[in-house]
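**Q** Here it is, the structure, as C-alpha cells.
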Amino acid sequence: MSAKIKADEISAIIKERIENFDLSVDVEETGKVISVADGVANVYGLKNIMAGEMVEFEGGEKGMALNLEESSVGIVILGKTSGITEGSSVKRLKKLLRVPVGDALIGRVVNSLGEPIDAKGPIEATETRFVEEKAKGIMARKSVHEPLQTGIKAIDALVPIGRGQRELIIGDRQTGKTTVAIDTIINQKGQDVICIYVAIGQKQSTVAQVVKKLEEYGAMDYTIVVNAGASDTAALQYLAPYAGVTMGEYFRDNSRHALIIYDDLSKHAVAYREMSLILRRPPGREAYPGDVFYLHSRLLERASKLNDALGAGSLTALPIIETQAGDVSAYIPTNVISITDGQIFLESDLFNSGIRPAINVGLSVSRVGGAAQIKATKQVSGNLRLDLAQYRELQAFAQFASDLDESSRKQLERGQKMVEVLKQPPYSPLPVENQVVIIFAGSKGYLDDIAAASVTKFEAELYPYIEAKYPEIFEQIRTKKVLDKEIEELLHKALKDFKATFSVA
C-alpha cells in the first residue's frame, strides 16, 4: 500500500525549511599592509574597524588598531615584525584585547599578553578580562583605612601606605627604588596580599635578578611578574601596566587584596611617546603626545579600595618614576605626583652618604595613609618628622657654628641616632611590632648615651632579647595595635634591663 502524500504536510515542511534557511554569510573584512616600520603597520581597507580592536596578520601575528584615518589604519604589531611585509593581508578579529586572570598566574612570569615566558608550561587560566577597563566610580569606593605594611621603618612610621592607595616611589637611577618595592613584596608574606610586579623596558638580566630574589625569599608563591623588556616592542611595553592592573583587579573584585608595582612609568611614557611619534601623532611638551597625562591617570585610577557591598577588596599601586638629576619638576614626574596620593622621594646624596633606604623625609608625604597607620606606630612616631626636620636644620647650622648650646647639641645627637634607627639593610623588612619598639627606644632617649656607630648592634641584639625575656610585648603590640600604659611600662622595664646587659664591644 503506497503512503498517501498529504499536500498540507509537504507545504508545512517546505515552510519550515524556508524559515530555517540561514542566509547569513560569514564576512571577513580584510585589508592590505601599505607600509611597515618600527613595529607599526599602515593598513588600507579596514573601513569598519574600531579603535583598540585586535587584528591578525598573515603569519598569525596579532596587532592592535590605534590610529583611525580616512584612508588607512595605524596598527601596532604585538610581536615579531619580520614576517609582515608590504602587501601582506590583515583581517579584523572584531574583539578587543583580553588577558588571562586568576590564581593560575600566581608564581609565573608572563609577557604583556599574559603568555608565559618562564618555561614552566602553559597557564591554565579559566577567565580572561579586557585590558582596558573603566576605573571604579566614587560610590563603589571606600576611604583607605587598612595599613599595607612595607616592613621599612622610615616608610611605615613617616609615610604610611594604606590598602587601596597609590603611592609614588620617585628618585634618580641607582637610589634603591626597586629595592623598596621588592622589600614591600617580601613583607606581604602571610598577609594574604597577591603582588604583581610589572617590569617595563628593563634589561632581561635585571628582571631575572628580581625574580631570583623573590624566589629566594619565597615571595613568588604569591607574586605575578609581568615583563615587557627593553628588547620588546614599544607596543608591548605600553600594554604591560594595563595587563598587570587587569590581573590585580580580578583579586580586588573577588574580595581579596592585591599590590601592584610599576617599574617604571618613565620608561612606559617613553615607549608611548615612541609609538605615538611613529603613528605621526602631534608631539607636545618634551615631545610627549598630548594625552600622556591620561595614559597614567586612567592606569592609576584603577587602583582602589572597594566598599563593603562590593566585597571590600583592595588594589594598592606603587608606581616608580625615575628622575634626571633629582628634577621632580619635569613633565612626567609632575604628572604622576599629581595623580598619586603621595610620594616617597629617594635622594642620591643620601644614598651615597650611607643613609639607606635613602628616603628624604622632608619631601616624602602620604596624603591618605595616615588613616591606615596602626595606633601604636602613630604614638611612637608622632613627633619623629618634626624632630628629624629640626635635626637637619641644626646640622646645617652646626657646619658653620662650632659652639652649640647644650640643648642644641643633645638635639643634634638624638637626631643622629634616629637617622641611624631608620637605616635598614635591603631585603630585610621588619614586622611592625619590632619597628614600634626601636622607634620607642630612640624617641624616649634610650639611645642617647650610645654611640651612633653602635645603634645597629643595639637594635640587632634588642629584638632577640625581648623575644626571649618579654615575648608578651611583641604579642600585645601585634594583637592590640596600641601602646597602652601597661605595655609602655613593660617596654621601659625591658629597655632598662637590656641596656644593663648591652656592651658596645
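Just so you know, glycine gets a Cβ as well, placed from its N, Cα and C.
As listed in Swiss-Prot for this protein:
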{"type": "BINDING", "residues": "Gly171, Asp172, Arg173, Gln174, Thr175, Gly176, Lys177, Thr178", "note": "ATP binding site"}
{"type": "SITE", "residues": "Ser364", "note": "site 'Required for activity'"}
**Q** Please report the DSSP secondary structure of Thr178 (ATP binding site), reduced to three states.
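**A** Where Thr178 (ATP binding site) sits, the three-state DSSP reduction gives helix.
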**Q** Other than its own, how many Cβ atoms are within 10 Å of the Cβ belonging to Arg173 (ATP binding site)?
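**A** Arg173 (ATP binding site) is surrounded by 11 other Cβ atoms within 10 Å.
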**Q** Given the recorded positions Gln174, Thr175, Thr178, Ser364, which one's Cβ is surrounded by the fewest other Cβ atoms within 10 Å?
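**A** Among the recorded positions Gln174, Thr175, Thr178, Ser364, the sparsest Cβ neighbourhood within 10 Å belongs to Gln174.
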**Q** How many whole Å apart are the CA atoms of Gln174 (ATP binding site) and Ser364 (site 'Required for activity')?
**A** 18
**Q** Measuring Cα to Cα, how far is Asp172 (ATP binding site) from Ser364 (site 'Required for activity') in Å?
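**A** Checking the Cα atoms of Asp172 (ATP binding site) and Ser364 (site 'Required for activity') gives a distance of 15 Å.
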**Q** Hey, how far is Gly171 (ATP binding site) from Ser364 (site 'Required for activity'), Cα to Cα, in Å?
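**A** If we compare the Cα positions of Gly171 (ATP binding site) and Ser364 (site 'Required for activity'), the gap is 11 Å.
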**Q** Rounded to a whole angstrom, what is the C-alpha distance between Arg173 (ATP binding site) and Ser364 (site 'Required for activity')?
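**A** Given the Cα positions, Arg173 (ATP binding site) is 17 Å from Ser364 (site 'Required for activity').
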**Q** Name the secondary structure element type, per DSSP in three states, that contains Gly171 (ATP binding site).
**A** strand
**Q** To test your reading of the ATP site: which residues beyond Gly171, Asp172, Arg173, Gln174, Thr175, Gly176, Lys177, Thr178, same chain only, put their Cβ within 8 Å of the Cβ centroid of those residues?
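**A** These residues sit around the ATP site: Glu322, Leu346, Ser348, Phe351, Ala358.
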**Q** For the binding-site residues listed here (Gly171, Gly176), tell me which residue's CB has the most neighbouring CB atoms inside 10 Å.
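**A** Comparing the binding-site residues Gly171, Gly176, the most crowded Cβ belongs to Gly171.
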**Q** Taking just the CA atoms, what is the gap between Lys177 (ATP binding site) and Ser364 (site 'Required for activity') in Å?
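**A** Pair distance, Cα basis, whole Å: 13 Å.
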**Q** Which of these binding-site residues has the least crowded Cβ, counting other Cβ atoms within 10 Å: Asp172, Lys177?
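**A** With the binding-site residues Asp172, Lys177, fewest surrounding Cβ atoms within 10 Å: Asp172.
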**Q** I'm trying to understand the geometry here, so how far is the Cα atom of Thr175 (ATP binding site) from the Cα atom of Ser364 (site 'Required for activity'), in Å to the nearest whole number?
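**A** Their Cα atoms are separated by 15 Å.
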